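S.K.: Shown below is the structure under consideration.
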Amino acid sequence: MGNVRELGPISLCSPCPGLRVTEVDWQRLRNGTAHHTQEYPGSNLVVRRGQRFTFTLELNRPLESEETLIFTVETGPQASEALHTKAVFQTSELERGDTWMAVKEAQTENTTTFSLASPPNAVIGRYQLSARVSSRRKHSDRKLGEFVLLFNPWCPEDDVFLDSEEERQEYVLNDSGIIFRGVEKRIRAQGWNFGQFEEDILNICLSILDRTPSYQDDPATDVSHRHDPVYITRAVSAMVNSNNDRGVVQGQWQGKYGGGTSPLHWRGSVAILHKWFKGRFKPVKYGQCWVFAGVMCTVLRCLGIATRVVSNFNSAHDTDRNLSVDKYVDSFGRTLEDLTEDSMWNFHVWNESWFARRDLGPSYNGWQVLDATPQEESEGVFRCGPASVTAIREGDVHLAHDGPFVFAEVNADYITWLWNEDESRERVYSDTKKIGRCISTKAVGSDSRVDITSLYKYPEGSRKERQVYSKAVKKLFSVEASGRRARVRRGGGRGLWHDDLLEPATKPSITGKFKVLEPPVLGHDLKLALCLTSLTSRAQRVQVNLSGATILYTRRPVAEILHESHTVKLGPEEEKKIPIAISYSQYKEDLTEDKKILLAAMCLVTKGEKLLVEKDITLEDFITIKVLGPAVVGVAVAVEVMVLNPLSERVKDCSLMVEGSGLLQGQLSIDVPSLDPQEKASVQFKITPFKSGPRQLQVDFVSPHFPDIKGFVIIHVATAK
C-alpha cells in the first residue's frame, strides 16, 4: 500500500444517501514500478501518459450496482474540455486509447479499486482528480487529490516513444552522465549530476514551464500546448538561459565571474535549479554551454523526454548565415576581435531529444537538436531547436526550427582573411574543413565516448557531403532571376559575395604543423616545435611570425604570451623545425580556468603565398579516485583521492569538493593539507550510499592557486541483503 490519504469524509452525493470517501490509496509503489517513476521523491503520485494507473477508494459503505462514479481531471488555470485541459468521464468496460478512461477493477465491501488511463497525447503537468456519483440530481465534484502526468517513452503511441529499453534507461532514468570537453585532439570527460530524481526537482521543472512568457501572457492556452514535445522543448530551450525571461542560468564568457559561480565550478544541475527556485526565480550566475546543456538534460529527462548531451568540437558560430566562419587575423595570425563576428569554439555542447515530428513528417522523427546556450535569437527569443538531426544531415535547412544555425555549427567552411593596414584583405591558406569534428556523446550503459558525427553529415569531402552542402547553400542563398549574385550583409557594413567564399586560397608551396615535444602539463614549461616542409624542388625563404595567447574555450584571446619572428631558409623539399618554449611564468598569470592556449604561425612565403598554422593546447592535470571496498546501500565505504600539486611552489588552502546523486545528501567539502612543489597527497573520506545501481561520484580539487582539477568515478552500489 502506498500513500494512503485520509480525507475526512467526502460526500459524493449519491442518490442513496450517505456515500462518502474516507481514504484514497494512490498505490505509489505499484504505480511507480509500472510507470518507471518510483525514484521521484515526495508524496504526490507521478505517472506517465497513455498508461493505466490504479488507486483505491475506501468508502463508508459498498458502492451499489446501479451507482457509477464520474471522474473529472483538470490541469492548469481555466481548465476546459475545449482546450483538452479537462476531461469528464465515467467508469466503463471499454478501453479507448484516445480519451481519458476509468475502469472499476475490484470491489471488496467498502473498498473499490479503479484504474485510470490518459490518452497518449494528453497534456503533461499537475492534475487534480475529483469524482461524483451519477445521479439525476446535479452535484458538485469532490476533490480526491492531485497527481503529476509525464511524457511516456515506454508507450508506442506517445510521440516521445523510444523503442530500446537500454536507451530508455540511459536517456530517461540515468541521473548522472558525462559531458565531453577539451579540444579535438585531446577530448576530456567531465562528470555531471543530472539529479532529476532529487528532492523538489520535478516541482522546479514544472515551475519552469509556468515561468515562460507564453504562460504569463495566456496561461490557459499555454498549458493546452503542453501535449506537444516540440512546444515543450522549445519553451525549455528558452527558459534554461536568462536572456529574455528571467530563466534559470545567466551566461558569462568574459572570464570574470564576480558575484557568482564560475561555470567550471558546477558539478551538476541540482544546486543550480535549487538556487533559482529558492531565489524567487532570479537567474543563477554563471553558466557556459555545458552548464546550459546539463540543466536542460535534467529538465527534459525529468519530464519524461529521452535526452542526451552532445559535444561538437570545432563548433562554428555563424552570425550571418552564410555557411562560413570568417576569421580576420593580423600578420602574426592573431584574431582581430573588432572585425571577426563569426567564431569557432574549441567545443560547443547542446542536447538531443528523441521524439516524432508531426509538424515535419515521419522522415524527420528521432533525435532533435536543442540548444539552450544564448547565441542567436530565434523568432525574437534566445533559443534553438528542435532541429531534426536527419534534416541537418540531408541539408533540409528550411525546416523548423533553426536548421541553418545548427547546419553551420557542423558544416561551415573556416575561412581566414589577412587584414592589411590599408584595410584590404587576402585569403590565407588554412584548413577550411576543420568545423564539426568528433561530435560526441556518452555511450549507452558505459562511460565510453561515442562518435556520432555520421548522424550529422556524410563523410567529409565525399560526393554526397558536397551535394548536401550545395543543397543547403541553394536553400539559404537566393539568386535573382537576372543571375546576379546574392549578397550577404555583415553587421559591420562589409559585404561578402557568396562566390568569394567558394574561391579557395592559393595553396602554398610549404606545409606546416605544430608538434608537441613534451606533454603539456599545468604548472610546467611548454616545449613545442613548428615543423615546416618545402613541397618544391627550389630553395625558398619563409618569414614566420609566431604568436601565442591564453584563450577561453570559445577561442577568444585573453592575453598574449608569445610574440616572435623567424626567417627560415628551406632547401628543396627540406624540413626544418623551429623550437618554441613557453615558460610557466609566461602563462601562469593569464591562464583561464579553461586551461587553454592557442598558438599561431603566419608563414609568408616568397611570391606572396601565405599559410596560417594553428594549434590549440589544453594543459593536462592529475587526479585519481578509488573506492576502498564494496559499496552497499546504508553501509559506509571509504574513498581515496590522490591529488598532485602541479606547481613548482608550495600551495595551501586547497580542498576537495565532492558530490554524487544517491551517494551524498548535498555537497561535501574536505580540507587538503598544504602541498610542497610537485607533491602528491592521499585524502580519504567516507560516504554512505542511499540508492543502489551505478552512481557517479564527482571530486574536484579546488585551489586559489590554479584552475579546478576535476575527476569522477562510477560506483556500483549493491542493495543491502
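Glycine too: its Cβ is placed from the backbone N, Cα and C atoms.
Copying in the features that TrEMBL gives for the protein in this structure:
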type	residues	note
ACT_SITE	Cys289	active site
ACT_SITE	His348	active site
ACT_SITE	Asp371	active site
BINDING	Asn411, Asp413, Glu460, Glu465	Ca(2+) binding site
DOMAIN	281-374	domain 'Transglutaminase-like'
S.K.: Between the Cα atoms of Asp413 (Ca(2+) binding site) and His348 (active site), find the distance and write it as a whole number of Å.
M.R.: 17
S.K.: Between the Cα atoms of Asp371 (active site) and Cys289 (active site), find the distance and write it as a whole number of Å.
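M.R.: Between the Cα atoms of Asp371 (active site) and Cys289 (active site), the distance comes to 9 Å.
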S.K.: What is the total of other Cβ atoms whose distance to the Cβ of Glu465 (Ca(2+) binding site) is within 10 Å?
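M.R.: Around Glu465 (Ca(2+) binding site), other Cβ atoms within 10 Å: 17.
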S.K.: An 8 Å radius from the center of the Asn411, Asp413, Glu460, Glu465 Cβ atoms defines the neighbourhood of the Ca(2+) site; name the other residues of that chain inside it, in order.
M.R.: Lys433, Ile435, Gly436, Lys457, Gly461, Arg466, Tyr469
S.K.: Counting only other Cβ atoms and using a 10 Å cut-off, which of the recorded positions Asp371, Asp413, Glu460 scores lowest?
M.R.: Glu460
S.K.: Between Glu465 (Ca(2+) binding site) and Cys289 (active site), find the distance joining the two CA atoms and give it rounded to the nearest Å.
M.R.: 28
S.K.: As a test of the contact definition, list every same-chain residue at least 6 positions from His348 (active site) whose Cβ is closer than 8 Å to its Cβ.
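M.R.: In sequence order, the residues whose Cβ lies under 8 Å from that of His348 (active site) (at least 6 apart) are Cys289, Ser311, Asn312, Ser315, His317, Thr373, Glu409.
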S.K.: Under DSSP, the domain 'Transglutaminase-like' (281-374) has how many residues in helix, strand and coil?
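M.R.: Secondary-structure breakdown of the domain 'Transglutaminase-like' (281-374): 18 helix, 40 strand, 36 coil.
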S.K.: What mean pLDDT score does the domain 'Transglutaminase-like' (281-374) have in the model?
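M.R.: Mean pLDDT for the domain 'Transglutaminase-like' (281-374): 95.
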